[in-house]
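Q: Encoded as structure tokens, here's the structure I'll be asking about.
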Amino acid sequence: MLLFFILGLFVHFVFFGSIFDIYFTSPLVHGMTPQFTPLPPPAKRLVLFVADGLRADTLYELDENGNSRAPFIRNIIMHEGSWGLSHTRVPTESRPGHVALIAGFYEDVSAVAKGWKENPVEFDSLINESKYTWSWGSPDILTMFAKGAYGDHVFTYTYGADSEDFGAHDVTKLDTWVFDKVKEFFHAARNNQSLFSKLNEEKIVFFLHLLGIDTNGHAHRPSSREYKDNIKLVDAGIKEMVSILEHFYGNDGKTAFIFTSDHGMTDWGSHGAGHPSETLTPFVTWGAGIKYPQKVSAQKFDDAFLKEWRLESWKRQDIHQADIAPLMASLIGVPFPLNSVGILPVDYLNNTDLFKAESMFTNAIQILQQFTVKMTQKKEVTLPFLFIPFKLLPESKQLNIVRKARSYIKQRKYDEAVSLCKELIHLALKGLSYYHTYDRFFLAINVVLGFLGWTSYASLLIIKSHFNLTRGVNKEVKKPSHLLSCSCIAIGVFVAFFLLLQGCPWTYYIYCLLPVPIWYAVLREFQVIQDFVTLLLTVPPSYFVGYLLVFILGIEILVLSFFYRYMLTAGLLAFAGWPFITQLWTRAKSISLSWIFFSLLLAVFPLMPVVGRKPDIFLVMGAGLLVLLLSLCVLTSLIKRKDSFINEELLLHLFQMLSVVLSMCVMYSTHSSLRKKQGLPLLNQIISWLILAFSLVLPLLSPTSLFERLFSILLSLMSTYILLSTGYEALFPLVLSCLMFVWIQVEQETLQQRGISCKQKVTSVRFTCSTDITQFRQLCLDDVRRAFFLVFFLVTAFFGTGNIASVNSFDLASVYCFLTVFSPFMMGALMMWKILIPFVLVMCAFEAVQLTTQLSSKSLFLMVLVISDIMALHFFFLVKDYGSWLDIGTSISHYVIVMSMTIVLVFLNGLAHLLMTKKLRLCGKPKSHLI
């Protein structure tokens, strides 16, 4: 059993990791030479303002009085520069956003493992290519680019990480700190000859990272007065910075300015996914080399933004976020970042046609170099007769386009040269994508083979253990033939040799060789397969087809629930009607009514808005009061039922009720304190962490009787969940737990109806650490339903209050009782525990179902594994790398969630077993766990 679980974990870790090799590998290549425009640049210096978390609509729109929140920026749009929208990509986080802005490429998602801080891969950037760069702002962003730069030409000035406090009285100090430091810097430069000379060099960059808007958005939402006032402060600060710079350089007209954002923010104060409020950011540029405002009579855009913002008369030019890096490089004459995939937006440039054409040609050569290096790398590790080149851009076509573009420039046909260069760039980018995904189909085939083999093997184990297939015919077990063994060994050797010849990474060996032993194990059971097929042929076709259709429908509902939460409601409504089509309604009406009531109550949650979008502290308080009321009822019932209620047990119940009261008080106090901008009280923080620490220990002190242990687990976990709640979701674990307890009773009742005797009532069942395997029975068709119920409840636990496949479903306000200073890993861990709490409640109930129905945990777990793997295979085929970035990110995250659920299921099964069976004692003699 242990060996099987270890093997299963290994296989699922491989399947889980495969998605990163297939879809998440780094797109970067190395070995290119720097490319820069061979003409004098229009600017000597560049100033980059990045307002972290700034939405485009909130900046551009007018307030209720018809005035702009950013009058200086609006004046630039109308009188001095050019503007538009910058379209970002998923994940809309600070690190990948800044990498796209400054390095010109869209970072792969593997960077999330570094908390978007450290460099997971080496890359070139504008800062690296500059002569000198001075930057001010957040330590999370500035140190990233300073660390990746060579030499000592990058200077960073950052505040402490503890300044990024969402509960601070005034987080605009993050921005005023930057503006104050810049003023001090230029004032000091007048008295520092060395610094003064550096500041008068060419090809220098000033980078001002402004985090206040993002922090206010998380803490108060983008619709808040704090967020909008912060925009006014940033606008005034930029106006002052521009004035200081112009004065310092004597209005020499050689400074270019860019103002933008790394990402936007949803209405509920989060970001990370692909909602337009997250992907649409402002882009305003002015100064040396930038076109002045262009008045137009009409503009062709599908949206209604221009009319809403009253900017219909000023030409809007939208760009992709990665296009900003080549624009900045062109303005100050530094080499384009080597890994940039941005396309120079020449329409922003106020320069000669020759300069535009030469800059575009440089851009094309820089991207073509990446394509050439990528193609060469792939060609070197592929057998010649198997290599399939990118047909749209053969070497002859590359040379032809380059020669033709150069000829157009010499002939002064600049528009034709620019158009040809853009064509070459688009082809090279397609080619880059082609070679980046070159092995995708090959790897996917092997992973699918592994999936099918493992699912088949798990199914065979269930069939072999619980069906007497041979029925006395020939019970002699046939040994597997030597031919099968030799064939599998030969296939394995051939695959390994093939991969060795191609110089494939070590992970390829795992993906390609893993299916061989799995399918060997499946084919060894050929006799079982043959006997099972024979058995199926005896089943009436209508029965078989009917059960198969019901099973397929159930799987499809589970899959669809990942995309549409209301499918969970449909499933729960079906669950509510289930007693009517069985004998349960006639034999146990009270249990049936409870099942129907709680199924319908739970069905409401998937119809509610995603958690965090409409916070309501009073609903959290209401959930706490309901838990206390339920606790009093249970406590009264236990005192009446027991002849002598042990003082230790009574004290434990009272202590757990006290922890719920404390959670409510801390939640209310913290909410009030943050609303008054007084920060997170230290006492509240200490109590919150103590409640979290004790929540997994206190249930182990309770009696091991089923009812008391389950209720003790609910009380402990609810005290933590209340601290992590912001609204109606605080009621979710309570309703889910009530349904779980009814489920345990329902399953025992259905077992009795089928003639299988149950030795104990649910209320008298006790959990033991040792298991009597003689009590286990063989599987029946109803057990498949039980396994499906478990998977459905697990999916409901995941998606009942929000779609966690979308990063922006997470609300940072959930963790404010524990910490308010930005810490991605700690905050992520707390929010993950919040997600897992309903999961743990379901698994504890499942542990009880296994015990009351006298079924082997291995058998039920195998069925759950088969159902989960079928779902995972669905999502593997649904993963896409085309369409909107929201669709791409969601499709990948769905697969990751299902695979994670399967892996975590093993660990949570162990945790549930520990919580249900282990009994700690503080003092006195040990108590017996047996009846």
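Keep in mind that glycine also has a Cβ here, set from the backbone N, Cα and C atoms.
Taken from TrEMBL, the feature domain 'GPI ethanolamine phosphate transferase 1 C-terminal' covers 430-884. Taken from TrEMBL, the feature transmembrane segment applies to 441-463, 483-500, 506-523, 563-581, 593-611, 617-638, 682-701, 730-746, 787-805, 825-848, 860-880, 892-915 (among others).
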Q: Relative to the transmembrane segment (593-611), which of 441-463, 506-523, 563-581, 730-746 accounts for the most Cβ pairs at distances under 8 Å?
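A: Looking at each of 441-463, 506-523, 563-581, 730-746 in turn, the most contacts to the transmembrane segment (593-611) are made by 563-581.
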Q: May I ask you to check whether the transmembrane segment (730-746) and the transmembrane segment (682-701) make contact, with contact taken as at least three Cβ pairs under 8 Å and only pairs 6 or more apart in sequence counted?
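A: Contact between the transmembrane segment (730-746) and the transmembrane segment (682-701): absent.
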Q: Quick test of the contact rule: Cβ under 8 Å, at least six residues beyond the ends. What residues does that give for the transmembrane segment (617-638)?
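A: Contacts of the transmembrane segment (617-638) (Cβ under 8 Å, skipping residues fewer than 6 from its ends): 645, 649-650, 653, 656-657, 660-661, 663-664, 667-668, 671, 708, 711, 714-715, 718, 722, 725-728, 730-731, 734.
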Q: Which one, 441-463, 506-523, 860-880, 892-915, has the most C-beta pairs under 8 Å toward the transmembrane segment (825-848)?
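A: Counting Cβ pairs under 8 Å, the winner is 892-915.
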Q: In the same chain, who gets a Cβ under 8 Å from the transmembrane segment (682-701) while lying at least 6 residues past its ends?
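A: For the transmembrane segment (682-701), the sequence-distant neighbours (Cβ-Cβ under 8 Å, at least 6 residues beyond its ends) are 648, 652, 655-656, 659, 662-663, 666, 669-670, 673, 709, 712-713, 715-717, 719-720, 723, 817-819, 833, 914-915, 918-922.
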Q: With the transmembrane segment (506-523) as the reference, find which of 441-463, 563-581, 860-880, 892-915 contributes the most Cβ pairs under 8 Å.
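A: The stretch with the most close Cβ contacts to the transmembrane segment (506-523) is 441-463.
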Q: Hey, which bits of the same chain come close to the transmembrane segment (441-463), Cβ under 8 Å, at least six residues off its ends?
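A: Apart from its flanks, the transmembrane segment (441-463) reaches 4, 8, 11, 14-15, 18, 21-22, 469, 508, 511-512, 514-515, 518-519, 521-522, 525, 528-529, 532, 779, 859, 862-863, 865-866, 869-870, 872-873, 876.
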Q: Excluding the flanking five residues on each side, which residues at least 6 beyond the ends of the transmembrane segment (563-581) place their CB within less than 8 Å of a CB in that stretch?
A: 557, 592, 595-596, 599-600, 602-604, 606-607, 746, 789, 792, 795-796, 799-800, 803, 890, 894
Q: Need one number: mean pLDDT over the domain 'GPI ethanolamine phosphate transferase 1 C-terminal' (430-884).
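A: Summing pLDDT over the domain 'GPI ethanolamine phosphate transferase 1 C-terminal' (430-884) and dividing by its length gives 83.
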